[in-house]
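Read through the structure below, which is laid out as structure tokens, and then see the notes.
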Amino acid sequence: MSTKEKLISHVMKEEPVGSRNKVTVVGVGMVGMASAISILLKDLCDELAMVDVMEDKLKGEVMDLQHGSLFLKTHKIVGDKDYSVTANSKLVVVTAGARQQEGESRLNLVQRNVNIFKFIIPNIVKYSPNCILMVVSNPVDILTYVAWKLSGFPRHRVLGSGTNLDSARFRHLIGEKLNLHPSSCHAWIIGEHGDSSVPVWSGLNVAGVSLQGLNPQMGTEGDSENWKAIHKEVVDGAYEVIKLKGYTSWAIGMSVADLVESILKNLHKVHPVSTLVQGMHGVKDEVFLSVPCVLGNSGLTDVVHMTLKAEEEKQVQNSAETLWGVQKELTL
């Protein structure tokens, strides 16, 4: 008898039940690893699988995380370049793709990443046909559309991380200006994740008090307090971080874990994430943009209808037209 057999006797006859809350992260770059560690530290899954084409980097990252198993409550951490390792995932987070270069717009990345998705998405679908797909790679709105098309999944099982992070940046900056915690500053950024995102000034409130009610000029050129600059900081924020440290990682990783938590814990929380917005806010084309959505066990179950001012609605339509202009040129 082996030491293990002397120590432990097996009671159960049938095969043990596999993972119930398995999460896969595709891509072990900066964003993938920040997402992975954020998910692990929030105890959201009972198995974490990681996939990447860079075998040595993948193996090293998996080992490094496994070495911390004692400090985690996720029993199984695995990784392989073969997608069979992802089988039966409840949720798959796609962070893989070409990295945004300094000064490069998110839209410029697009065809490079479409080609990568043509390999990734069918492999995910093959091994986890019932999973929820969360796209994080940029440009996220277009790539969420691409993932939806390539996967054949119903729209409630495909979402993009969208403006969840933009809204978090927005709330942080508003909090700085008012000396409040971001969670007490209720504010939404919708539309494109990136340069044409739309701040909903009309909905900005603290404890139910509308800030635009106190300052009707808020968000306009004529505002003496120049609140509009905050949105510019949100848009420039990512470029600034990329310029300073070469990439963004921590905030997007935490944002991803925030979304994963709402889904796996069936929280029915409302998040600004990327979904099919055709028919909403006057959008005619088949595009994905961020609007407030309810997230739970089944994925993206509902959309909240925001009351937008005419100019806010126009900005959403402009975003949609920009994205459609790029999308219709894509070869899928």
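In case you wondered, yes, glycine gets a Cβ from its N, Cα and C as well.
Listed features, source Swiss-Prot:
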type	residues	note
ACT_SITE	His193	active site, proton acceptor
BINDING	29-57, Arg99, Asn138	NAD(+) binding site
BINDING	Arg106, Asn138, Arg169, Thr248	substrate binding site
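Distribution of Swiss-Prot features across the structure.
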{"residue": "Gly29", "record": "NAD(+) binding site", "DSSP class": "coil"}
{"residue": "Ile37", "record": "NAD(+) binding site", "DSSP class": "helix"}
{"residue": "Cys45", "record": "NAD(+) binding site", "DSSP class": "coil"}
{"residue": "Val53", "record": "NAD(+) binding site", "DSSP class": "coil"}
{"residue": "Asn138", "record": "substrate binding site", "DSSP class": "coil"}
{"residue": "Arg169", "record": "substrate binding site", "DSSP class": "helix"}
| Looking at Cβ-Cβ distances, which residues of the chain lie under 8 angstroms from Lys57 (NAD(+) binding site) while being 6 or more apart from it? | Val28
| Using C-alpha atoms, which one of the recorded positions Asn138, Arg169, His193, Thr248 comes nearest to Gly29 (NAD(+) binding site)? | Thr248
| Candidates Met33, Ile37, Leu41, Ala49, Val53, His193, namely the recorded positions, that fall within 10 Å of Asn138 (substrate binding site) by Cα distance | His193
| Out of Ile37, Val53, which of the binding-site residues has the smallest number of neighbouring Cβ atoms within 10 Å? | Val53
| request: Using C-alpha atoms only, work out the spacing between Thr248 (substrate binding site) and Val53 (NAD(+) binding site) and round it to an integer in Å. | output: 21
| message | Cβ atoms within 10 Å, counted per site: which of Met33, Leu41, Ala49 has the most, among these binding-site residues? | response | Ala49
| remark: Cβ contacts within 10 Å for Gly29 (NAD(+) binding site), all chains included, total 19
| said: Using the alpha carbons only, what distance in Å do you get between His193 (active site, proton acceptor) and Cys45 (NAD(+) binding site) once rounded? | reply: 27
| message | Quiz question: given the binding-site residues Asn138, Thr248, which has the greatest number of C-beta atoms lying within 10 angstroms of its own C-beta? | response | Asn138
| message | Can you check which residue among the recorded positions Arg169, His193 has the largest number of Cβ atoms within 10 Å of its own? | response | His193
| note | Across every protein chain in view, the count of C-beta atoms other than its own within 10 A of the C-beta of Cys45 (NAD(+) binding site) is 27
